[in-house]
């Protein structure tokens with residue numbers, strides 16, 4: 001086992017048979033090698049003690065009680081320099097009982113077995129790697145067909161048979177990969193052949209010339225050179241690329257009758273599908289080369305056995321035993337593994353072939369119950385939980401126990417919408433914040449001389465002294481929190497926010513960041529974590545802020561975009577007359593109790609700056625859709641509806657000042673044509689939106705400046 005302090009990362013992948021053995025095999029001081037599970041037994045039905053060499057064997061997995069051997073010769077003995085390291089009689093090592101939680105065993109399989117994850121999953125890794133149809137691969141794995149074994153370079157007996165017995169016939173085959181020549185077991189010539197030869201010689205012919213089962217897949221995968229396969233796959237892709245049209249215009253401009261153009265389209269689609277398949281195969285081979293994984297490891301010759309404490313047998317008070325489903329599935333594998341040895345002596349081919357098929361199905365059920373065929377059930381017709389069922393889903397080992405652990409300085413609550421928040425802010429409940437930041441609050445109370453010791457500070461926190469909230473407010477202003485929503489499917493599921501204390505018990509979240517979390521406000525919950533170290537806080541500032549997660553990492557598209565009620569709100573806020581100065585703001589096509597604008601016969605109000613317009617809006621003097629004339633800087637360009645920008649009205653004023661009135665603007669120029677004054681026709685709602693956009697841009701600029709300064713300090 002790797003020491004915990006040396007563990008830097010975990011990588012899930014294929015393991016070689018030698019590596020699986022190294023996980024479980026140990027050598028006793030007398031030279032005996034242990035670790036192999038050979039008997040399909042768990043515990044004795046009377047004594048409830050583990051059976052030797054069974055699934056709960058103490059020699060293989062360690063003692064049930066610390067320092068107590070299986071035979072009872074030694075009681076409470078822990079291995080030291082002077083005491084023996086194991087019991088000479090039963091072979092149990094003197095060690096702690098907790099080793100049964102991580103010590104593994106292994107089953108030495110009597111025949112190769114294909115890993116169902118790499119065979120049955122869509123897409124099938126084995127079928128893609130061998131570049132063969134999945135149907136043909138499955139017929140070989142489950143002993144429905146066979147290959148003619150190439151014993152010599154000369155034609156074999158089966159290869160001289162008529163070609164109509166080939167299962168693989170008239171299939172579109174690739175340029176560089178030959179299809180498999182498969183033969184069915186129920187062909188008429190087989191019965192005639194068995195009558196011609198004696199049973200002994202017929203069995204020898206079958207062994208000599210028929211190759212089937214996972215042994216075929218192992219030979220094909222072990223004979224596969226990944227480097228050459230990559231070279232051929234790339235050449236195949238180039239060959240297909242030459243067949244494809246250079247542009248879509250060649251298809252559109254095709255001359256001749258319509259059926260001919262339709263055939264060309266179908267041919268191009270077929271070529272594109274072949275190119276996609278070859279590209280996926282290239283990607284798979286590249287991943288195998290980079291991870292230094294051998295393809296033949298997808299066929300199991302050694303099956304690892306989980307530690308017994310991960311598949312326990314528990315005894316209730318009334319004496320009833322509760323067993324893990326994995327124990328029954330392991331027993332089924334061991335039973336069928338033993339039967340192969342027994343029948344291989346009596347019948348070298350037929351019966352042993354059926355036993356190998358049963359072993360393949362048993363291991364399929366152990367790894368993924370139901371993937372290889374029928375679902376195995378218990379007496380109550382409840383399906384057994386396989387390894388796949390244990391580790392997948394919300395209640396699986398990863399999401400329930402490993403990723404879903406309770407951690408310190410974390411909390412969880414329901415999320416609600418917080419439209420008043422900035423993009424980088426979140427509303428944190430005060431009761432949750434006082435618990436998350438309690439050590440920081442205690443330190444703040446002591447430093448500011450409000451408490452003499454931690455005990456007095458905790459007492460103030462429990463009494464909710466008013467000064468506690470002020471200290472907490474100072475702390476959260478300088479500290480980010482990390483929000484996470486399960487399942488974390490991509491890095492946007494974990495982002496850092498500046499907390500804002502709220503009195504409610506729900507977490508307030510800005511609606512624009514919901515897309516990254518895949519969250520909505522119908523009862524979803526989110527977890528809050530507090531980064532403690534300086535490195536974690538710097539990473540939260542530099543990498544995890546919503547300002548630096550505006551684009552999707554998968555597609556590159558903008559992920560922070562307004563949707564639904566935000567778009568309706570922006571539309572209502574910026575709603576105004578669209579006909580310029582010709583529109584009659586007092587005329588509406590409909591009447592309602594609550595109108596957007598109060599009817600008035602006054603002229604359009606003129607404002608000299610944004611502040612006056614916003615003040616009038618907030619005081620209720622004007623409404624959001626009431627047209628106003630608003631002063632703007634002369635250098636700001638104004639977009640008019642007319643193509644030629646012709647003024648609707650032109651006035652000549654004293655001192656040579658010209659006033660040109662357009663549909664959406666008024667421009668005053670001097671004698672030299674220089675713009676002196678400019679007013680734009682807009683609404684108070686659009687002025688509010690403009691102010692919000694300016695503040696957001698300024699906030700982003702300040703954030704980038706802060707990041708640059710922090711980078712300079714760190715470097």
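Cβ atoms are placed via backbone N, Cα and C, with glycine included.
As the structure is a computational prediction, the values presented were derived from the model and not from experiment.
Residue 71 (Zn(2+) binding site) carries neither a helix nor a strand DSSP state and counts as coil. Long-range Cβ neighbours of residue 71 (Zn(2+) binding site) (same chain, at least 6 residues apart, Cβ-Cβ under 8 Å): 87, 89, 90, 92. The feature Zn(2+) binding site is assigned by Swiss-Prot to 69, 71, 87, 90.
Per Swiss-Prot, region 'Disordered' is recorded for 244-272.
Positions annotated as Mg(2+) binding site by Swiss-Prot, on the basis of sequence analysis: 520, 522, 524. In the three-state DSSP reading, residue 522 (Mg(2+) binding site) counts as coil. Residue 522 (Mg(2+) binding site) has a Cβ environment of 7 other Cβ atoms inside 10 Å.
Within the set of binding-site residues 520, 522, 524, the entry lying nearest in space to residue 69 (Zn(2+) binding site) is 524 (CA atoms).
Neighbour density for residue 69 (Zn(2+) binding site): within 10 A of its CB lie 23 other CB atoms from the protein chains shown. A simple Cβ count within 10 Å picks out one of the binding-site residues 87, 90 as the most packed, and that one is 87. Between the binding-site residues 520, 524, the minimum number of other C-beta atoms within 10 Å of a residue's C-beta occurs at 520.
Residues 415, 519, 521, 523 surround the recorded Mg(2+) site, their Cβ atoms falling within 8 Å of the Cβ centroid of 520, 522, 524, which are themselves excluded.
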